[in-house]
There are 4 protein chains.
Amino acid sequence: MEGFIMTREALKLVTIGGGSSYTPELIEGYIKRRDQLPIKEIWLVDIPAGEEKLNIVGAMAKRMVKAAGLDWQIHLTLDRQAALKDADFVSTQFRVGRLPARIKDERIPNYYGLIGQETNGAGGIFKAFRTVPVILDIVHDMQTLCPNAWLINFTNPSGMITEAIKTYGHWDKVIGLCNVPVMAMLSEPELIGKTLDDLTYKFAGIDHFHWHRVWDNTGQEVTMQIIDKLFGDDDAGLPTNIFDVPFFKDQLANMKMIPCGYHRYYYRQEEMLKHGLEEYANPEGTRAQQVTRIEEELFDLYKDPNLDYKPKQLAERGGAHYSDAACEAIASIYQDKKTHMVVSTLNQGSVPDLPSDHVVEVSAQVGAAGAVPMAFGHFQPAERGWIQLMKNMELVIVEAAATGNYGLALQAFTMNPLIPAGATAKHVLDEMLVAHQKYLPQFATKIKELNAAGLTVQDPIAAELTEKPALA
Amino acid sequence: MEGFIMTREALKLVTIGGGSSYTPELIEGYIKRRDQLPIKEIWLVDIPAGEEKLNIVGAMAKRMVKAAGLDWQIHLTLDRQAALKDADFVSTQFRVGRLPARIKDERIPNYYGLIGQETNGAGGIFKAFRTVPVILDIVHDMQTLCPNAWLINFTNPSGMITEAIKTYGHWDKVIGLCNVPVMAMLSEPELIGKTLDDLTYKFAGIDHFHWHRVWDNTGQEVTMQIIDKLFGDDDAGLPTNIFDVPFFKDQLANMKMIPCGYHRYYYRQEEMLKHGLEEYANPEGTRAQQVTRIEEELFDLYKDPNLDYKPKQLAERGGAHYSDAACEAIASIYQDKKTHMVVSTLNQGSVPDLPSDHVVEVSAQVGAAGAVPMAFGHFQPAERGWIQLMKNMELVIVEAAATGNYGLALQAFTMNPLIPAGATAKHVLDEMLVAHQKYLPQFATKIKELNAAGLTVQDPIAAELTEKPALA
Amino acid sequence: MEGFIMTREALKLVTIGGGSSYTPELIEGYIKRRDQLPIKEIWLVDIPAGEEKLNIVGAMAKRMVKAAGLDWQIHLTLDRQAALKDADFVSTQFRVGRLPARIKDERIPNYYGLIGQETNGAGGIFKAFRTVPVILDIVHDMQTLCPNAWLINFTNPSGMITEAIKTYGHWDKVIGLCNVPVMAMLSEPELIGKTLDDLTYKFAGIDHFHWHRVWDNTGQEVTMQIIDKLFGDDDAGLPTNIFDVPFFKDQLANMKMIPCGYHRYYYRQEEMLKHGLEEYANPEGTRAQQVTRIEEELFDLYKDPNLDYKPKQLAERGGAHYSDAACEAIASIYQDKKTHMVVSTLNQGSVPDLPSDHVVEVSAQVGAAGAVPMAFGHFQPAERGWIQLMKNMELVIVEAAATGNYGLALQAFTMNPLIPAGATAKHVLDEMLVAHQKYLPQFATKIKELNAAGLTVQDPIAAELTEKPALA
Amino acid sequence: MEGFIMTREALKLVTIGGGSSYTPELIEGYIKRRDQLPIKEIWLVDIPAGEEKLNIVGAMAKRMVKAAGLDWQIHLTLDRQAALKDADFVSTQFRVGRLPARIKDERIPNYYGLIGQETNGAGGIFKAFRTVPVILDIVHDMQTLCPNAWLINFTNPSGMITEAIKTYGHWDKVIGLCNVPVMAMLSEPELIGKTLDDLTYKFAGIDHFHWHRVWDNTGQEVTMQIIDKLFGDDDAGLPTNIFDVPFFKDQLANMKMIPCGYHRYYYRQEEMLKHGLEEYANPEGTRAQQVTRIEEELFDLYKDPNLDYKPKQLAERGGAHYSDAACEAIASIYQDKKTHMVVSTLNQGSVPDLPSDHVVEVSAQVGAAGAVPMAFGHFQPAERGWIQLMKNMELVIVEAAATGNYGLALQAFTMNPLIPAGATAKHVLDEMLVAHQKYLPQFATKIKELNAAGLTVQDPIAAELTEKPALA
């Protein structure tokens, strides 16, 4: 791996999806680390459909930087290649198809009585299908425009996107991030009267499906103590976008590890489905619809020419801390801080129950040499079975996304524990192909066939959001 | 491993569960192999509750042997230890709790809208829970009474029972059998105009969850040809106890292997559930209730003092060919025939995606040295994910069955792809513990607690069959 | 894998290295299997330097076929591509550089006090270096001329050549053969009063470095019995080309497996070296020099126009049974005999201590579908350490041979347990590069450098055999 | 794992082998970390034969502590159990049989023309044979006397001793140390104009047989730069006890990793042997004989009642930095410093080419939770072959040491790359069993047999040092 050019003391940072509502957190994260990062330019890139938001949030970013008394240049652009040219760090936070696509990812499965969620179930599969072609395109640009840059990915489903970048993009200098471990490490220590520095954390698994164990500074394992606090009276540490149904105590006692919030979809599938369908039936709608309104409110705030700091309302979004984690990863690499972070990176044996040459999410030391994963050792059979299923499903999804193989897409739907296999599942697959066709060039052949057969989206809201069949 | 004493030319064969309706197939199997097996004694063992059936089928067995002009001694007994003393081969075909237990395995999950089946889902887990303690008790007897005997297990769930025998019973001379591969190899060749001898079969997976590939005698792989025939117009090769919903062609085309019939529960979960619930709602009842009637008719036939051959009606039972496979295994070992059979045996690397020191179901060469598995090589990610989940689930179930750990039982229910995790799943677990308490001494503590809390079986038929709480 | 075209009832068999003294055994092997193989043509191919021998042995082959009353056409040719065109089976028994190269493989190491042997130590490495480019060229021809043919390799070092064919030639329809297991199975059974049919053999390892275990037809393991017979008074089962120093009983008792004859080089390195150096010092010379004389005598015999059968003197050559094994492999594939053979083939998990995607030598079922390896399970640590070293060394040698990477060649020399690492080892490597330069185009750059530095072969006999530096 | 009792603010530290000449370095190490370690008592334990040295070095330790103005209690004792009672940290630096045993480990192999060295070859095997029974005895005491203590082992062969502690002692709270990585990290950075903090080190392998790679703080890999400096003109970073023969550049270029100093024995076996035999022939004698004199001089220095600091002469011993590393490990655990150290610990996947449940030497984060190894990923085939051989040899040696199985001991001798297998090797094994019999109770049966056969030690110096056969 070629080294990062440290002599470069004027950093060019690029963010793809710069018009995101999270951008203020990112800017705040950079400002917090002003002493660690000699930033010269920040390029916020978006696509034409996101131009308005880019301008709003970009203006605010400029105000934030100015208020901080910094001379950083903020560039707002729709020209991705211009932005990538000679970049030092590229971070990705884009959403292909934006929130309307997420609404479809939720509502179409819901319509058929299935869990609809952004990174799990049918919705998660389709988010990967839409995102993989774009990220591979970005990596392709980077090969020539900024071959030594680090790619910090926090576009979801972050683990699968990182897998695609490594396996199909053949790009090694990538770190995938997630806010779930960050939130756990922010909230758990105080539950047991400790600070984060007092504890040793070991995470292992894959993105949105990992467990962790914790030890205190006397060497005592405190995992079960945290479990008792977490899943006793209160439920600290859960992202706000996850409905809060408790785990079974008997299961946790056997597991002896702390599951992540997304495990609720798998360990309490029934209740998560029920809750999702209730939201679906409500006028307020599913999470994506709620988020759409939160976003609108956020952008209304951002328009305020006097606002020059990250508003507290942003924390209500489920993705809080993602951007800050990205800034921390960038600072850790640039300053060779050898920070403990939980990242999606090449396994290399750290999770020995999974293939060593694919991506896992694991505790790692992050520094100039990238992420060095810490060995977790073997899982017990129950967790081993789950994680082997889920990682292989990821590989199937990513391959289907990269190749457009319909049979593989169907295999992914069949494997997914949140989708009962059968005719309905296959129909949901087909309907979502039609619904998202604008962003699925790799599946063009199958989609043409489905369009020809007259398949249409049934959920009225999703139907309305379905753009004109580009592939018909 | 100590060798089988070939000098012994007067074989003592013992069958645990000798009162089974399948016994005539077993006897027929022995008679067919009269030239290969120098049988002196056949001991049919059952428990007091099975004595009547034992006497009926035992009398018929004697008539069959007599009609064949053989001088074999048929012993009918309730004294298992007397039977095991100096046995050469012990085969097991018992059903703990008999058909009433199976009715509960089916109807209790059905009552809650879940798949109820003998070897899959909640029912399969409970069949393992009931059977493991008994098989370990049998193995314990064998350690002293017949330490050189071979144990041929075809009690279901055959793979998990074989796993328990190896891992918790520490008994190496065991072969687990299943009729599913037998039926595939009986029915498939003619679909493509071949005989079994013309073909090379390679099976791999675990019991009731395996795939196979086939080559013809020119070296051409004919897997896809067989798939086209099997899942085109007709559906040859399916056990009569599995509802016949077709697999998806696109999925099979990607898989490039032939799934087994039980894969329908996982690849067409929706339809299998729907069909099961229809049966549940019908007056004829679930499969176990239907089988109860078939069994009664069979035993009525068996009572006929003139019947001295296996009646064709026996083939209607789902377990056809199981007993014949057992006879073939015994003959292959005794005669060192080095026959190709598909058996549950120690992996040893043959299925490299699974732990090498646990049981798999795989093509093997069966002879005096036992089963030598044939290496299958790696699966593709989709099948690898499935099989790793399923094998680990087996390990969890078998450990829960051997230890009575309730948390592990709950982990097994949570992992099972046919049981949506959540409160209902946990309730079904609890209700089945209560329903089967007579046969679950290992779970006594938890069951007492459930009884004390007043938990009762809700399905009326299952409730009626629930025997007096021995553990209350 | 495309199937072999069975409808083809007029087989074209091709042998590369057809002028070998072993050809009569091959022809005899075909004649023995006349009922199994509908042979139409046999093409014996050689290079110009081998033309004389080809004509002699080819004439004899014709006499043998005629004496057997068969109408097979025997073609003698130097045109490999003409021969390969539409071939059904291609077997390889060539020796690049013929016996003079082998003399150098033996005498140059001997000169420096190292073991000199055809398939082990420095000589074995160089035999691979010379052969890999040629076999890859043959496979390249086959891709277009006979893409459905089976390649039966018994050119030594057979395992490494098979590895090269698979890994660098990407040719799947290959079986590598060795006579060592054949001879073990021919000689051992009678030592314990059995026939081969009475026994179950399980071999595992790599070519010329494998162990086996044996069971009798009562299921009793007889491995230690055979060891007692083999390494007691007499030493049956040893190829005539291996000096007969006994293994240590204490080591065998711990190993509980039967080593192969070539293990003597590793388990009794001291004595094998001493013996080799004695031969080196003798006027009769090393094995290759002895073989040269045996070969001359054989060809004198072959010239006899009345000789129309394989002369018994051929058995004195160390490679006896190689050719017959090749015939048996061909017949097993063509007739789908599902024969037990020990072959070099893709591991696929059968030897779980070695990579599953590389070649091992293992018991396999050989039929129309090729070789299906039988799972051996794990080795104990001592043998596991040895075999992991040796297989990795093979991978290093084959990669060096395929790429001409000098550093890798040096790594191979350093790893080799028969070559003490250091300046002498490196010098032997360099001198052998010079000595064999005519056949080592891949190492041309390094050889030019060595020639320029004036490096010359020191052993007088080897020096005399060194052909004019083509690469100087 | 039970946690270390942090509330304990008065640490009891125990050192087995307290009479060692290295003790001043240990005491200095503690004094340096006085602010990190609230030491109350230091117990130096030795055996009667070491009492005189214990008193000398113990008196000096007291002077050092006093000179530092500390009130720590220094206990000198021959009563190991009294010392271990309620210990917090136990470190081990004993040498079973003291330097006379090491002289025999070197001279007996040398007499037969073999490499004689403390931790490699025949000598290293015998050092393990003598030490394993003692360390298992210590661990056995710890189970009851100080079940929560950490064991910091730097008794050589450190990796094998740590393996024995884990595998046969079933003691988890152990860290094995070695000074070789410490010295590399002390000397290499300045070679390339960096400090240690600037670099990221990744080590992997086993004790005295590991490689490392290095990256600088710009993310650039600097491994080859360090290699150029190390093996160019000068040879920084080599322990003083290793003869300095350069590695081959071509091999290093292919390896792309930095070998450790002990690799010279394997990569330059010829020269290391030659050098060893020269020393053997010299009046000054082998390294152990030289060390004996250095030790005497050191103890003469230590007797000086005015000496109250570690004398610089101690650095001449090969083991410099071992004791400091032990102090650092203790401080890292106690203060939860999460320091990067290279330690022998359970693999857990960090070196995926080796078994995950055995000990490796690897970069780790050391803190209150013990050592968390950092994943290194796969080796290339050449290094993979070496390390798999060497780790398996370690397992064979440790099992032989723990069980006294002579066949296994012979297997270990046969596997060892520094011992040419054969009659001489076996004779050296036997002669060393006789020579060290006083310390080899586990091999008593075999030794009696050898004594009865009159086997005697041939090297005169070793013969003189051989104590009266306790086992005759």
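Cβ coordinates are placed from backbone N, Cα and C, and glycine is handled just like the others.
The substrate binding site feature in TrEMBL is assigned to D:Arg102, D:Asn156. For D:Arg102 (substrate binding site), the Cβ neighbour count at a 10 Å cut-off comes to 25, with all displayed protein chains included. D:Arg102 (substrate binding site) carries a helical DSSP state (H, G or I).
Per TrEMBL, the feature Mn(2+) binding site maps to D:Cys178, D:His208. For the recorded site, D:Cys178 (Mn(2+) binding site), the DSSP three-state label reads coil.
Summarising the annotation, TrEMBL assigns domain 'Glycosyl hydrolase family 4 C-terminal' to D:203-419.
Annotation note: D:Glu118 (site 'Increases basicity of active site Tyr') sits in a coil segment as assigned by DSSP. Taken from TrEMBL, the feature site 'Increases basicity of active site Tyr' applies to D:Glu118.
D:His208 (Mn(2+) binding site) sits 10 Å from D:Asn156 (substrate binding site), taking the CA atoms of both as reference points. Cβ neighbour count for D:His208 (Mn(2+) binding site) (all protein chains, 10 Å cutoff from its Cβ): 25. Summarising model confidence by region, the domain 'Glycosyl hydrolase family 4 C-terminal' (D:203-419) averages a pLDDT of 93. There are 24 other Cβ atoms within 10 Å of the Cβ belonging to D:Glu118 (site 'Increases basicity of active site Tyr'). Counting only the Cα atoms, the space from D:Cys178 (Mn(2+) binding site) to D:Glu118 (site 'Increases basicity of active site Tyr') is about 14 angstrom. Recorded residues D:Arg102 (substrate binding site) and D:Glu118 (site 'Increases basicity of active site Tyr') have their alpha carbons 6 Å apart, per Cα-Cα distance. D:Glu118 (site 'Increases basicity of active site Tyr') sits 8 Å from D:Asn156 (substrate binding site), taking the CA atoms of both as reference points.
Between the candidate binding-site residues, D:Asn156, D:Cys178, the densest Cβ environment within 10 Å is the one around D:Cys178.
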